[in-house]
Amino acid sequence: MENQLFKPGERIAIGASGGKDSTVLAYVLSELNRRHNYGLDLFLLSVDEGITGYRDDSLETVKRNELQYGLPLKIVSYKDLYGWTMDEIVKMIGLKNNCTFCGVFRRQALDRGAALLKVDKVATGHNADDIAETVLLNILRGDIARLSRCTSITTGEDGPIPRCKPFKYTYEKEIVMYAYFKKLDYFSTECIYSPNAYRGFAREFIKDLERIRPRAILDIIKSGENFRISTSTKMPEQGTCERCGYISSQKWCKACVLLEGLNRGLPKLGIGRSRGLNSDVKKDIKQGGGTESIESKQCGSLDF
Ligand code: SF4
């Protein structure tokens, strides 16, 4: 209510992975919508990365949630959108950088699914721990542009489909307990390709802090909110990808650069290791999106 996340009559897609965060979000939103007449049209939106033994199982949970909460479900798959499953990508690139591909593709897949559903907004299950981690990561890598927006409860209001994070101030532990005591049906297995996925040090650091002083998580978010970016700092300009039309600050969006690498059999193209490539390819990619390293993102909830 305070942040005016939703307006009556809006169509809202809930990014649903089958995990605890998005399951609790779907449950709470549908419950509040029913009890307090929010007047929202709610949908579940899932992304199928094509990971056998993980996503196929978690999608079964989402399909059950569809019936349990009476929310229509839309699934978009990497195979349909990009022509590759994560299983095929990992077969080609191995277990290094797989989450880079997956994170970039997922972000765009969620937007494309939201466009198909014609929703006004996407709600994701990011919790306070996730956001505190992101603040720390953006400080560590000096990403001023992301640092300035990563604590916003609603982002992308200037784009076609804004996103909001209703659990911005909710501790992960609260969500786990809620799901447990409400006996919600969620999926808690980690991705089989996950060894490199978690934001490693930042996550461990946050958990260590929490053990000493739980409030540290909310304090980090508060600090993130209070950063002021100097007006003379040059920020990347948002444009659109010349290839697919997705938002991008480069000529090609990151998904197109990564996809180009995969399709050419040179998967390292988009992840900053272009040494040894012929000059035409280097030139194309340089024009097409830069070769800067792309940070691996946390997985689990369908977000970022
Ligand atoms: Fe994708 Fe997450 Fe698995 Fe990494 S851990 S491959 S980001 S689903």
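FYI, residue positions are counted from 1 along the chain as it appears here.
Positions of Cβ are set from backbone N, Cα and C atoms, glycine also.
According to TrEMBL, the feature domain 'tRNA(Ile)-lysidine/2-thiocytidine synthase N-terminal' maps to 12-196.
Residues or ranges marked as ATP binding site in TrEMBL: G15, A16, S17, D21, V47, G125, D130. Summarising the environment of D130 (ATP binding site), the number of other Cβ atoms within 10 Å of its Cβ, over all protein chains shown, is 25. The secondary structure of D130 (ATP binding site), as reduced to three states from DSSP, is helical.
Positions annotated as domain 'Cytoplasmic tRNA 2-thiolation protein 1 C-terminal' by TrEMBL: 239-269.
Taken from TrEMBL, the feature region 'Disordered' covers 282-304.
Among the listed binding-site residues, namely A16, V47, the Cβ with the most fellow Cβ atoms inside 10 Å is that of A16. Considering only the residues assigned to ATP binding, G15, A16, S17, D21, V47, G125, D130, the longest pairwise Cα distance works out to 19 Å.
Within 10 Å of the C-beta of D21 (ATP binding site) we count 28 further C-beta atoms, all protein chains included. DSSP assigns G125 (ATP binding site) to coil in the three-state reduction, outside any helix or strand. Under the DSSP three-state reduction, D21 (ATP binding site) is assigned to helix. According to DSSP, A16 (ATP binding site) sits in a coil region rather than a helix or strand. For G125 (ATP binding site), other Cβ atoms within 10 Å of its Cβ number 26.
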